[in-house]
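Below you'll find the structure, written out as structure tokens, and then a few comments.
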Amino acid sequence: MRPGTSITPLSLTRRLGLFFALVLSIALASMGAFAYYSLAAQLEARDDEVVKGKLEQVEHFLREVDGVQGVPAAQHRFDDLVRGYSDLIVRVTALDGRLLFRTGNDALLEGTDQAAVTGKSSLMFQSADAVLGRDGTRATVFVAKSGEDRKQVTARFRTTLVLGTTVGVILTALVGAAITRRELEPAHVLIKQINRISVERLSYRVDMPPKPTEVRDIASAFNAMLQRLEDGYQKLSRFSADLAHDLRTPLNNLIGHAEVALSRDRTGPEYVALVEESLVEYQRLARMIDAMLFLARADSANVALELTELQLNAELRKLSAYFSVLAEERSVVIRVSGDATLVADAILFQRAINNVLSNAVRHAWPNSMIDLVVRREAAHCCIDITNVGDPIPERELSLIFDRFFRGDRARSNSSQSTGLGLAIVLSIMELHGGDASAVSGLDGKTRFTLRFPLNGAEASARVSVGRPSQDRPVVG
């Protein structure tokens, strides 16, 4: 193989076909070997039984003859004994070595003596001493059967076995590949459909094949992934559009201030006023950039939580005191009730409560009340922040935690909001393993609920027990 070249891996169809062939070849080879050796053993046992039976018959004949002289007269009886057995050899030898009788296929023993014959592995033989007639003369009987027929049968069986195994393996490989190709056809169709998907066609969904179940599950999971991608892409598109819109307003204001300043000579107080107006826009941009950086770190799980035990009643009273001046200006009263111990990041906890509470104060009706209630719910510690004001439309409740989302009321005073406060709240809750929700009724009561897990935040967070909370809430 030349340097730089790579071996193309076999397709799943070919690999399964080869796998089927390998498994079948091992199975057939094992069964064939068992059948072959079983047949050989049975043939040997049959030949051994034949030799043993003929030996007993010869011994019986010899006992009936009249001594050594009577053996030739019984030639016809010995010939009948081996008739039909062309591979059978019978020898009767006197104790002095004289050959008294032999019959059968002498060619099998030609050029050999009895000792040599007994060493031939292809012959089945037995020998025994026999008594000739009533005079008590003894002789040696040797009966052997050639193994050529047995070898031919086993050879034919072996050839048939090898040929059948080879053909079976080849057919199995071909049939297995064909079946695999047919069963994987939905996968090829799925691949073609996936190749049609592009950024402009994220709404496209692949077909759900009725079978096989595995491909159907893949198609279902792929469609679910496409749905998530489409949702994420749409959110990213909205985020980009909203970001451009929200950055354009302060930048246009700054450009306008600069153009006004350069249009003619200004007095000192006029320049101070222009700089103060520009500073407001700079601060708004800074808040927006800070919020976006926090959300980016939260999305990438790049925020390490400093966990500490918090007494929620004390923390909420501290936050309500911070907003007391703004609440008094709007004739709003903030009440805190309930208490619990919570393990959370103190600064992020304050930031989440601050963002919700600032919205509650800003949108509360004059002479109304804001309730901060701590309660337990199963394995969660819940903080309810309820105010009375204009109800939030149902269609906006599902979008209220989205980035850059601002309702109609907020957009009437856009300089006071970046549209990222509640998105930051949701990110903080998710970092702690909790969630945030909002409900609004026609009676004007709007309740935001923050659910913190009682067992602390993510296990990967760094724990710092006893870390003091900040006296001043973190805004934004």
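Yeah, the Cβs are placed from backbone N, Cα and C, and that goes for glycine too.
Marked as signal peptide by Swiss-Prot on the basis of sequence analysis: 1-35.
The topological domain 'Periplasmic' feature in Swiss-Prot is assigned to 37-158.
Residues or ranges marked as transmembrane segment by Swiss-Prot on the basis of sequence analysis: 159-179.
Here Swiss-Prot flags 180-476 as topological domain 'Cytoplasmic', drawing on sequence analysis.
Residue counts for the domain 'HAMP' (181-234) by DSSP state, with H, G and I taken as helix and E and B as strand, are 39 helix, 0 strand, 15 coil. The domain 'HAMP' annotation in Swiss-Prot covers 181-234 and rests on sequence analysis.
Positions annotated as domain 'Histidine kinase' by Swiss-Prot, on the basis of sequence analysis: 242-455.
Secondary structure at HIS245 (phosphohistidine), taken from DSSP and collapsed to helix, strand or coil, is helix. For HIS245, the entry in Swiss-Prot reads phosphohistidine.
Long-range contacts of the transmembrane segment (159-179) within the same chain, counting only residues at least 6 positions beyond its ends with a Cβ under 8 Å from a Cβ of the stretch, are 13-14, 16-21, 24-25, 28-29, 32, 35-36.
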